[in-house]
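Written out below as structure tokens is the structure these notes cover.
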Amino acid sequence: MESSPSSPQPTQSDPLAVFPQRTLEPADIAVLVLYFLFVLAVGLWSTVKTRRDTVKGYFLAGGDMVWWPVGASLFASNVGSGHFVGLAGSGAAAGLSVTAYEFNGIFSVLMLAWIFLPIYIAGQVTTMPEYLRKRFGGSRIPITLAVLYLFIYIFTKISVDMYAGAIFIQQSLHLNLYLAIVGLLAITALYTIAGGLAAVIYTDALQTLIMLIGALTLMGYSFAAVGGMEGLKEKYFLALASNRSGNSSCGLPREDAFHIFRDPLTSDLPWPGILFGMSIPSLWYWCTDQVIVQRTLAAKNLSHAKGGSLMAAYLKVLPLFIMVFPGMVSRVLFPDQVACADPEICQKVCSNPAGCSDIAYPKLVLELLPMGLRGLMMAVMVAALMSSLTSIFNSASTIFTMDLWNHLRPRASERELMIVGRVFVLLLVLVSILWIPVVQASQGGQLFIYIQSISSYLQPPVAVVFIMGCFWKRTNEKGAFSGLILGLLLGLVRLVLDFIYPQPRCDQPDERPAVVRDVHYLYFSMILSSVTLVTVSTVSWCTAPPTQEMVSRLTWFTRHDPIVLKEQVPSATPVPVTVSQNGTPEASSTNIQFEIVQENTSKTHSCDMTKKQSKVVKTILWLCGMESKGKEEPPSRADPVIVSLEEIPLVKTLLDINLIVCISCAIFLWGYFA
């Protein structure tokens, strides 16, 4: 068994034998403490700096973010601890084919800024369900989608990041899992609740820098340990566990490990599925997912949003080099643990009989890095976990507040929405903690593939509805709802079948039904997209077309339509979410006047009460962005909403040139590694 010369030889009887019983050195602890102080300082600075007492200020960071924090936040929101653990684990187990998801994301994030975002800006939307409410009318589709988004966030994103973070924290630090994660969640929730999206974006920018420094450092150590890329290509195919059964194919490296495009029938990621089946969930994630779109909507203008997307697209090249290749290096250096093939030994090594490839990245951190740098990489993993959780907390809070709560209480004041949004973050924290035992009990042998298979069952119908709504004016509510429900039902059936008939281990016969065994999840994504597309088109053709209000400024072809009424009306109050669905904005002005009068009276009462408020109450109100400022409030409710799609010609030209360069780089990478 190959191991670091400085580490003690682990014994197979110890369930944590894969990691030496190291304790953090003082330098490691100092780095971790400095990191947490940095994050809290940046979070509190952005909390003081930005306006948090309006819907736009809290949920969209005031709409004045410049390109670089937007780009950093896009990358940090996407690359969580699940990426570090999952991508490196998939690289160790099956080679670099999983990189296709990252390269696919390059095109999708650029499509967001150049194609989808102009439609969202023209339509003046805060959330994705709100766009569908304006585009199709009614409440069936937005409510269904809001619930689905929250389901996906809580039970896939939070659970996956929790699992990945748990692997790193528990296995490497030997800390109490609940204590560590509760502490992380407490810090994460504090600046999310206090600062809103601005705090999340600024801390994401800091954490992106830390992630890149730490991950690039580990990449250098990894390649040095195996003799560079040539050494990796030679040694990877020899990386076999010494205790592997000689007559078994289990645990063997794949012959196509260094290729992205693989056999269309027998491989783990068939190339037609990569080209077509993978693109639909990728479009959902980058172009219609609240977590991602919310960051670009917070940009100052369309040019800054494009700049941020370009920055994220360039950064998406890095996961292959800082995650996938190091995962493959980990298999070369530690084959007995990372490449274990015997279920009993895997159970002893990492408490997972399905395989231990997911320990590849933390194994590298603890074995290769010297004192101090080990603490830096601990901070990197914590940064990845926290940046993902803050993104999910803020975006889920936005959806719940603006789409579900606003539907239940259409006359809710701005103050009430601010309180509800922050309380919902606390509920998410509670759900996250309660979800930890479920994550611990789940099988994580193929963490990243698990994420993508779930995505392929639930996301294609939603993506098709958005695409049809944005690019076909004839699409109506009945067609979109029919396609969405049929697609989700089919996806849920396949999801349930996958849970009932889990994939057998390598040494077991595959007795699953043919629809589960023979239809790859990427092929199922293609089938699901086609069924949804045909349903939406057919029902829309056979029913009445949408009204002009539901099309104007809400599709690609109508985004430049003239503005019918004053555009400041929607931004003055959250009420237009319910008003616009009926296409009768004439009645909105009286509603807004009523709401402002109502809130002014409530604020007068609150001002009278400030003399009796304790310091604790004042602190809580400050955290919630509702400190008293006098009776002249609220002029802040009339924040301007960006509706202009105009760009400075020189800036637009530079961005378009960068777009061509970025796409060319992506095509080259596809071709080189295909």
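A Cβ is built for glycine as well, from the same backbone N, Cα and C atoms used for every other residue.
Swiss-Prot assigns E25 and L206 to topological domains bearing different names, which places them on different sides of the membrane. The stretch in closest packing with the transmembrane segment (309-329), judged by the count of Cβ pairs under 8 Å and taken from 141-161, 209-229, 375-397, is 209-229.
Using a cut-off of 8 Å between Cβ atoms, the transmembrane segment (209-229) and the transmembrane segment (375-397) share at least three residue pairs, counting only pairs 6 or more apart in sequence.
Counting only same-chain residues 6+ beyond the ends of the topological domain 'Extracellular' (78-102), those with a CB under 8 A from a CB of the stretch are 157, 160-161, 163-165, 167-168, 211, 215, 236, 253-254, 256-260, 262, 267-269, 274, 278, 282, 292, 312, 316-317, 319-320, 323-328, 330-331, 338-339, 355, 357-362, 364, 380-381, 384-385, 387-389, 446-449, 451-452, 673. The stretch from 103-123, 273-293, 480-500, 519-539 that makes the most Cβ contacts under 8 Å with the transmembrane segment (141-161) is 480-500. Proximity of the transmembrane segment (273-293) to the transmembrane segment (654-674) is not established, fewer than 3 Cβ-Cβ distances being under 8 Å for residue pairs spaced 6 or more apart. Same-chain residues lying 6 or more positions outside the transmembrane segment (375-397) and placing a CB less than 8 Å from one of its CB atoms are 24-25, 27-32, 35, 39, 59, 73, 76-77, 79-84, 149-150, 153-154, 157-158, 161, 164-165, 168-169, 172-173, 184-185, 187-189, 191-192, 196-197, 199-200, 203-204, 207-208, 210-211, 213-215, 217-218, 290-291, 294, 362, 365, 369, 421-422, 424-425, 428-429, 432.
Of the ranges 28-48, 519-539, 654-674, the one with the most Cβ pairs under 8 Å to the transmembrane segment (103-123) is 654-674.
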